[in-house]
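*Asks:* Please find one structure pasted underneath; my questions will follow.
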Amino acid sequence: MEILLLLSVFVIATCGLIYELVAGTLASYLLGDSVTQFSTIIGVYLFSMGIGAWLSRFFKKDLLSWFIQLEILVGLIGGISSALLFLLFEHAASFRLVLYLLVGLTGTLVGLELPLLMNILKDRYEFKDLVSRVFTFDYIGALLASLIFPLLLVPYLGLIRTSCFFGILNVAVAIVVCVRFKHEVQWAKYLKAKAIACIVALVAIFFWADRIMSYSEGVAFRDPVIYSHSSTYQRIVLTRSRLDLRLYLNGNLQFSSADEYRYHEALVHPPMMYSPKRSQVLVLGGGDGMAARELLKYPEVQQITLVDLDPAMTKLFRSNSMLVGLNDSSLLSPRIQVINADAFQWLKENKKQFDVAIVDFPDPGNYAVGKLYTTAFYRKLRNALTDSSVIVIQSTSPYVAPKAFWCVNATLQECNFQTIPYHTYVPSFGEWGYVMASPMPLSQHHDQLPAGLRYFTAATFRQMADFTPDMSERKVLANHLNNQILVQYFEDEWGKFQE
């Protein structure tokens, strides 16, 4: 009995932390700002565990039966939580309230379980041995959960199947305890039947996970979803309509095939005009291969080094026929080297210098991305440049988020870069901004542009560098690693725009 119940502690700890991680990851996907989501969810979960531990004092009799019932409830609620949250995201008036209620309920039930188990085992161990054994199994389970969640569960099962799998595991423990101690458990047959019914429901959700995701994403996106995948780093969704193909990362639009050429031509060709040398080019981000497509139009480009965090992105844009057609097979070119790594860490180890650097990261909507817009990052990037090198940073919308846009400019200037901010209109995005920079004063070195450009010309660039009063320069602070003021600017301005 003792060994079985101690193993139950291990399962409880593993499952409990998995439910917490699933909720945090799902909230980050749907609501953004991973720091806020994980902080609030961890806080609510731990507080709820404390409530559960306090409530355990009122359980005096039939502790084994109550433990089995709690295991079934935890398994059911935790198991369905991910599917339920995805389905309710577009429908619930207050999604956050539903999210925190589920997290709080799960935490309360898990907080109840451990004291109940300790009360069940207290007559079999001395107090110091009991506490030592219970918490040893508890912490080992937590360690296992924290390791397998990002490395195995999210990439291979996804969030819905992960929560279902561990829900099944919770309920399976209840069944095993119920069978093993059937003579000591009240309502053993009833509890066993209830547990089996819960497992059947969870297994059904496990196998219907793709349909559930397809339905929830079909509601969330205006066009039919033709591809979706949860990688270790993000949720990748492709939609297709009669007019265009769209890529979304964590629910945020990255491009529309109808007008992405405007964005990418404006991103790539200004620095290529202003850099005296163009043989070695660095692309940070840009895992879709669109920026690389524009760079390959220059015969003098000998090598492109593309550093993108997510191998799922670069693999998708090298293998999907529609996407390969969109980026003109750029990621398959012998002139490109694709490196899947964190750009911040990669720059620390890089010894090579580049003539041009294209920095095409997602918007700084959270601190994980915001660090890639800091003085610390730009100083590391400076080490990968010569004195005459030119870089460009995609810098969000100067119309919607002028403080965020001019913060990028101010951050580069604090790192002793000379800058030229500019903007263009992309129909699917609206007004969009970039900052071109160099260690030396910027001047145009090339007049000839590649043939076949659909939007960008030298004349249009002169217009791009002109800002109307509603997008004019703001007095802002530079973005440092220890404060990430850019993320605050971005959230405040985009939050008001989306209200």
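Yeah, the Cβs are placed from backbone N, Cα and C, and that goes for glycine too.
Automatic prediction, not curation, is the source of TrEMBL annotations.
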*Asks:* Per TrEMBL, what member of Asp210, Asp259, Asp308, Asp363 joins Gln234, Asp342, Ala343 in binding S-methyl-5'-thioadenosine at one site?
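*Replies:* That S-methyl-5'-thioadenosine site, as TrEMBL gives it, pairs Gln234, Asp342, Ala343 with Asp308.
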*Asks:* Are there residues at least 6 beyond the ends of the transmembrane segment (159-179) whose Cβ is under 8 Å from a Cβ of it, and what are they?
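*Replies:* Here the qualifying positions are 4-5, 8, 11-12, 14-15, 18-19, 22, 25-26, 29, 64, 67-69, 71-72, 74-76, 78-83, 86, 149, 153, 185, 188, 191-192, 195-196, 198-199, 202-203, 205-206, 209, 212-213, 230.
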*Asks:* Could you say whether, by DSSP, Asp360 (active site, proton acceptor) belongs to a helix, a strand or a coil region?
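*Replies:* Note: Asp360 (active site, proton acceptor) is in a strand by DSSP.
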*Asks:* Across all the protein chains here, work out how many other Cβ atoms are within 10 Å of the Cβ of Asp308 (S-methyl-5'-thioadenosine binding site).
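*Replies:* Its Cβ shell of radius 10 Å holds 26 other Cβ atoms.
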*Asks:* Taking only the residues the record lists as binding S-methyl-5'-thioadenosine, namely Gln234, Asp308, Asp342, Ala343, what is the largest Cα to Cα distance between any two of them, in Å to the nearest whole number?
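*Replies:* Farthest-apart Cα atoms in Gln234, Asp308, Asp342, Ala343 are separated by 16 Å.
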*Asks:* What are the sequence-distant neighbours of Asp360 (active site, proton acceptor), meaning same chain, six or more residues apart, C-beta distance under 8 angstroms?
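*Replies:* Asp360 (active site, proton acceptor) has long-range Cβ partners Leu267, Val283, Leu284, Gly285, Gly286, Ala291, Gln394.
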